[in-house]
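Asks: Sharing a structure, written as structure tokens. Questions coming.
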């Protein structure tokens, strides 16, 4: 274990400089600094917060401080330091309905933590936590209560005998409260929590630590000392670990002496801004408005940090979490009367003004937020303005639902109520506040089924909890093989072939000692020239060869079609045994397909150049949102709010090709992570970095942290061509392009297409555009002529039918319902317009046809006299179209519809005749 000073003199001096101010008040930033400095003085390495988007497929968002250390706790990665301390950004949405309503629930929060990876354990964790809490933060010891696991006598003894906490203030709690597990199996252990007592005058008799009105738990210590096996039994871990968490907002609430987390200086400035925009006073506001202001304060922090970390609003995955939070803020702001941007524009978006405050508060925890200000504010503005339109559609839907509820109650004589499902639909899909739904419904005499709504909300909450509130640390079937196989040494930066030793073989995920021809295998080597998929770059292809020791005759051939990283840094070579057999311990020759590797190198370097060109052309605020580097193409996803213009694409392409033509030598170096960032290196999306990083630089053009393979000189890229640019999600665009040999093949193929086109059009390449435009114009003219002729034929046909119109008495309405055969939709329209003019007012014309391809066309044209009777063409034709398997509508005087069942048209027209006559006749009674 590291030797650490038991004195906290250095930290105590810091107390006077940067802790409580002269009035004794603590800022949130000062609390964070004090925590980190305290543990740094005791040998802990201060590490930065990881992204809210975790590098872990089992976890949706970063929900705990320990998440970035999960591979170390599992033994899948070696520890880089013996112990560490962090302030981690976290997001939890499983209790979103409690935000603003309790004193402590939040979606975004900071978790201060200290971690030991087999270094110190229970005694140090407890005594330091007490020292930090009572001496550094100055909390009165008599106000602190402790919980321990019911069977953890060791922790109880340390708290009582060494720290000096009275027995009556140490509570033994059961497994549900004080035993931490990561899942059905895996690391686990007892935990101990420190609670602050707001009302010590109530005494210790029958004190309940679960009483939120009296206690708040602010520091949790997890003693990770067991491994839970499949049968539920516990075995001691060889390496015991410490995982702790102190809620920054909770400690700020205690030290700043405010009644809830929201009124701390970490959140309250956002609340004050929202209150000023709503022209209300938080101090004098009623409980409902205060709750809404707290929701706004909390959610604005969450969306700002999520967007900063690359999560763009969408309807799927993490993007839906951001969209839901943004919509909740928008509707809550509107509920308390916020309109306009706060700068005189009543139609503008108000979220950017609130986000400005959240960004200003972000400096200490995440300096990158400020640098992404422009993209954050732009995304919030676009999303808000889009949602306002959705909200207005929700208002229309509510009106329709209320009409239906009133009609149903009138017909059935029952109670007039809006169902819980309908209320939930408005809330979840359209972002319509329940409070507004209930208020509007009440004004029209309709009650709301809140019980049904609560059931729908509970179902959603359970699904959300099940999906997003667990960090799983499970040890799978590969545990034993992991223990025996070291990390793979990667040789591929310098070599495309190498000798290696087979360290493990897997078939269907199970370890075997040998395997023969025809089998699909996963082979683990001690070292390899094969690149394993990461950073967007695909894994190498190639072959493994086994030779006889004496005669060097080829004994086995394994074709490798993919390489993946697994269990930390072990390379898994996936392929098929084409010849012979292979066994563990054998020496092999590994050979990478050089042509494919060169394709990947060209596309990877081209991707770096593309990102630099994008930042140069459309703005430095754009950022990478994903990538694919394949042998034959590249795909680059980036955050941007609109399609790129043709001129911008040409400029980007030109820039990249210009840099390619400069024949610049690339430079690669290994640097400290912070030094690389200070030098301006860009981090690749989704990558996890250690303290030492590889930096790939195209001098004067690009500098990125990247573990991928690259060309040595930009001239090797040969050329770059953008194939497509499109949107793949709200605020996310995608460029696909080719480089290297793929570029040459693409250009040659396009040239071949152009030659054929020139031959067909009998034109030179430079004249093709003009020739195509001429052909298209001729085609349009011909089509218009054909359409005009068809219309005239339809009109002539209609003229011959005009005499068939019947008269409905006593209003003398002329009615015509006819099947026009195979007349198309435009011709049908022309015929109806002719007939309605010929028959004169009042008249009703309903025509149908079957133009082919299994289609039905319908038209209804009603003169003003018929429309005045309350008979509308739009509503009428829709009902007829349903009989033909379709639908449609339009204006009261003219409407069109279609269908997919031509065999039903005769019956539908007969039905139309009966209905229109009945409708007109009813108006005379």
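Along the chain as shown, residues are numbered 1 onward.
Each residue, glycine too, has its Cβ placed from N, Cα and C.
No curator has checked TrEMBL annotations; they are predicted automatically.
Model, not experiment: these values are computed from the prediction.
Feature table excerpt (TrEMBL):
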- 1-14: compositional bias 'Low complexity' (COMPBIAS)
- 1-25: region 'Disordered' (REGION)
- 26-749: domain 'Alanyl-transfer RNA synthetases family profile' (DOMAIN)
- 604, 608, 706, 710: Zn(2+) binding site (BINDING)
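Describe the structural context of each listed feature in the structure shown, including burial, neighbouring residues and relevant distances.
Replies: Same-chain residues at least 6 positions away in sequence with a Cβ under 8 Å from that of residue 604 (Zn(2+) binding site) are, in sequence order, 537, 629, 634, 706, 708, 709, 710.
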Asks: What mean pLDDT score does the domain 'Alanyl-transfer RNA synthetases family profile' (26-749) have in the model?
Replies: 88
Asks: Counting only residues 6+ away in sequence within the same chain, which have a CB under 8 Å from the CB of residue 608 (Zn(2+) binding site)?
Replies: 696, 698, 702, 704, 706, 710
Asks: Within 8 Å of the centroid of the Cβ atoms of 604, 608, 706, 710, which other residues of that chain place their own Cβ, given that this set defines the recorded Zn(2+) site?
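Replies: Result: 601, 605, 607, 629, 696, 704, 708, 709.
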